[in-house]
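Student: There's a structure below that I have some questions on.
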Amino acid sequence: MTDISPLDQARILSEALPHMQQYDEETIVIKYGGHAMGDEETAKNFARDIVLLEQTAINPVVVHGGGPQIATMLKRLGIQSEFAAGLRITDAATIEIVEMVLAGSVNKQIVGYINEAGGKAVGLSGKDANMVKASKTTRTIVDPGSNIEKAIDLGFVGDPEKVDLTLLNQLIGYELIPVLAPLATSKEGQTLNVNADTFAGAVAGALKAKRLLLLTDVPGVLDKSKKLIPQLSVKDARKLIADGTISGGMIPKVETCIYALEQGVEGVVIIDGKMQHAVLLELFTNQGTGTLIHK
């Protein structure tokens, strides 16, 4: 039984219809974060929402993270994790675990939930069919003792350089739902771990997606009084980074949004992935949810 009256159900559908028409046959890239995955019921609700998108003539492409799951496995195996510039330092032993968790465990679990909900999902990583080529990430940090910048070696961590859409376009054409683990291959054939937000931005940009949704563990971009900012232009987003309003882990997320917009994505939204049906609320309601960043 539902507590929603028939009249309210009709109003909900009436509100959703123009949004469904707006996204008809469009591609939506959804980055599903490790923290946003939540518990099993939340994950299954997410899967049902993805299937609903496909059934309403939208082309969903899911990119997932897996930071918490990787950390759990590394701890179980007694491998210490180190971070620099917000990125995991990934040595040869760690990249094997990262690939096992992302491509072998997390990816297949999401695929299973989507298929259980009636969809036809296909699990892949950026390594498959050389979909995503990347170069090793270079970062610098300031040494606190000398105040001198120095380069740091992050190991097998990469930044996307090229996305080959051949396989993705075929899957979308067959009405299959791609679920992508953020792994890529270097020109030397090495496996590289790519930040999931960055990976999703590169894929969305290559696909010229209508929307990129970044599901996170926060409601969106917050102002200095911790209130949600519903919309931001790229110009305003850069100002908020400069004045410190956008800080910490939100900076690379917003930078990913800006990059995706520059590559041709129409709009990027940072939303709270722990909220039930966050994807549907963003796409199919007038108010939406989270922070929309646009040109």
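Note: Cβ is positioned from N, Cα and C throughout, glycine not excepted.
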Student: Of the candidates Asn193, Asn286, which one does Swiss-Prot list alongside Gly66, Gly67, Arg88 as binding substrate?
Tutor: Asn193
Student: Mind telling me which of the binding-site residues Gly66, Gly67 has the densest Cβ neighbourhood, counting other Cβ atoms within 10 Å?
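Tutor: Output for this query is Gly66.
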Student: How many Å separate the Cα atoms of Gly66 (substrate binding site) and Lys31 (site 'Transition state stabilizer')?
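Tutor: One finds 11 Å between the Cα atoms of these residues.
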Student: With a 10 Å radius around each C-beta, find which of these recorded positions (Lys31, Arg88, Lys253) has the fewest other C-beta atoms nearby.
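Tutor: Each of the recorded positions Lys31, Arg88, Lys253 was scored by Cβ atoms within 10 Å; lowest is Arg88.
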Student: Rounded to an integer, what is the Cα-Cα distance in Å between Gly67 (substrate binding site) and Lys31 (site 'Transition state stabilizer')?
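Tutor: With distance taken Cα to Cα, Lys31 (site 'Transition state stabilizer') is 13 Å from Gly67 (substrate binding site).
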